[in-house]
Every structure is written in structure tokens, then in C-alpha cells.
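A.B. asks: Please find one structure pasted underneath; my questions will follow.
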Amino acid sequence: MSDSANTPETAPLTPGDSIRRTRAKGEPRFPDGPKADPAGSHFERRIRSFQPRRSRVTAGQADALQRLWPKWGLDIDGRHTLDLPELFGNDNPVVLEIGFGMGEATAQMAAADPGTNILAVDVHTPGQGNLLNLADRNGLSNIRVGNGDAIILLREMLTPDSLDGLRVYFPDPWPKKRHHKRRLIQPDFLSLAATRIKPGGIVHCATDWEPYAEQMLEVLTAHPDFENTQADGGFAPRPDFRPLTRFEGQGLDKGHVVNDLLFRRVQHVDQPLAGA
Ligand SMILES: C[S@@+](CC[C@H](N)C(=O)[O-])C[C@H]1O[C@@H](n2cnc3c(N)ncnc32)[C@H](O)[C@@H]1O
């Protein structure tokens, strides 16, 4: 048998090619890239906010995953605590973005604000490759790309008060009633996130699904660890720093209304002891 028959993926790939299934059983998809289910979270009985997708990875994305993952990628394995200054190589503020999709908006925000580090997390492999490519091409050293479930990242790998903010743009709306439990923005999620965000840090959500926007407003307003930045207690005007995202564009094409929510993490002042 020829060498090329044994190593089908070593043939040069040109951008636009897609990766076809030619690996041996058990062989990792990207030996130096993101791991499949790094935390083994598939064994954890828990409702997930995302659906595993087997998506096509282009040659350009595959190349970025192989080349840049060791430098800028982070497998969310739930097995170690992150030292964020070490991860980014500086002490700049860190904002977590959950669900960056293809990452175009993330790259634009990183370019516009190089003094802020963005820890961008998703489970979507083509998007991870795309964002790494954008970061590389545009010299965006303030982005790290996380692979895995953001809940595990928050729960197991981030220390208290380590984040300066949280961005969740156009999370999966899970429109069917029986799927509402899969929506990310829920009281338990907010309680977990609140422990990781510094007092004063901003949670910024945006959605084009109005019933979800109402739910976000309701649970954020009711949560004791957050306060609305809007004096009227309602939705926020879209901030200039948030670019149009891919999902937002699709929603606008369908005539959807987009709502932004900006809530601040509250510092609780300890109540004096009764009788003190
Ligand atoms: C509807 S897309 C929006 C993508 C992008 N923000 C945009 O506006 O174009 C939601 C993304 O969130 C990701 N996601 C959902 N739950 C997640 C979780 N718990 N951890 C990491 N990523 C998650 C999905 O994989 C998906 O790519």
C-alpha cells in the first residue's frame, strides 16, 4: 500500500476544499487542534444550551485550527483553573463572549478595543477555525478561542471575580416551549456567572427573538446580583461597540426586532449584624 493511502489527510489542502471523513477510527480530527468534547461533558446528565452539529470545515479553517490552536486555542476540559493574565500575556480586562458563531463580530470588537481581552467560547469547529484565521490575519493578539461548553468554563475553570464582563449575542432562541429549558439565560446560569464577574462588570445580551428578550429582561431584573443600567428598567439602546452579527443579520432579514440588555453586576454591601 502506498504512503499516501495510509496518510490521506497529509495531502495539501487548498482553501475551499472541505475535510472529508478519511480518518481512521479513533484518530483525532485535528491532532494539534481542538479536541472533541474536551471535558467529556457528554457523560454529564445535564440540559445543554447547544446542539452538537457535524459541520463541514473548510481547508482554510482546518489549517488555522492546526496551526493556531496551540497558540490561541483553549480546550475547555474542566480540569484546571485558568490564570487569565498568563493566558493573555497581560493584565488587561477580560470579557467572556459565549457563542461567537463564526466570530466576525468578535474579531471586529477585538480590533476596535485592543486593550480588552476577549475569551471567546463556542463548540462550533468551523467558527473556531474562522475566528483563529481572522485573529491571525488582523494581528488580534487579544482573542483566545475556547472550545467546549461555557458552563464548564465558568463552573470549573474561572476563578471568582475574574471577568470584567460577559457578552451573549443572539444565543440559540430555542423557540419551542418544550425546549425553553435549554435557553442559556436562566436564573441558575446568572447565579453562576455572577460569581465570576467582578462587581461593576457588565452582562450584555442581545437577541432578535422577542419572547426570549422578554424572558432575559425578566430573569435579569429579578436577579439580586444584577441591576439594569437603564433607568427605565427596560431594554438598552444598541451600544456602538456591538457590530452586526451574522445571526442578527439573518434575523433582521426576517423582519425581527433586536433588543439589547445591559445589566451591571452588583456589589452587595454586608448588612450590619442586628444589635451590633
Ligand atoms: C445562534 S448562534 C449565534 C452566534 C453569534 N453570536 C451570532 O450572533 O452570529 C449561538 C451560538 O452559541 C453557541 N453556544 C450555545 N450554547 C453554548 C455553550 N453552553 N457553550 C458554548 N457555546 C454555546 C452555539 O454553538 C452557537 O454557535
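One is the number of the first residue shown, and numbering goes on along the chain from there.
Note: Cβ is positioned from N, Cα and C throughout, glycine not excepted.
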A.B. asks: In TrEMBL, the residues ASP122, ASP149, ASP172 are said to bind S-adenosyl-L-methionine. Which of GLU97, GLU104 is said to bind at that same site?
C.D. replies: GLU97
A.B. asks: Quick check on the annotation: TrEMBL has LYS176, THR245, ARG246, PHE247, GLU248 binding substrate, so which of ASP208, ASP225, ASP270 does it put in that site too?
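C.D. replies: The record-listed residue among the candidates is ASP208.
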A.B. asks: What three-state class does DSSP give THR245 (substrate binding site)?
C.D. replies: coil
A.B. asks: The record names LYS176, ASP208, THR245, ARG246, PHE247, GLU248 as the residues that bind substrate; what is their largest Cα to Cα distance in Å?
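C.D. replies: This binding site's residues have a maximal Cα-Cα distance of 23 Å.
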A.B. asks: Over all pairs in GLU97, ASP122, ASP149, ASP172, the listed S-adenosyl-L-methionine binding residues, work out the largest Cα-Cα distance in Å.
C.D. replies: 14
A.B. asks: List the same-chain residues at least 6 positions away in sequence whose Cβ sits under 8 Å from the Cβ of GLU248 (substrate binding site), in sequence order, or say none.
C.D. replies: TYR169, PHE170, ALA206, ASP208, VAL258
A.B. asks: What binding-site residues among GLU97, ASP172, LYS176, ASP208, ARG246 have a C-beta sitting less than 6 Å from any atom of ligand 1?
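C.D. replies: Among the binding-site residues listed, those whose Cβ sits under 6 Å from ligand 1 are ASP172, ARG246.
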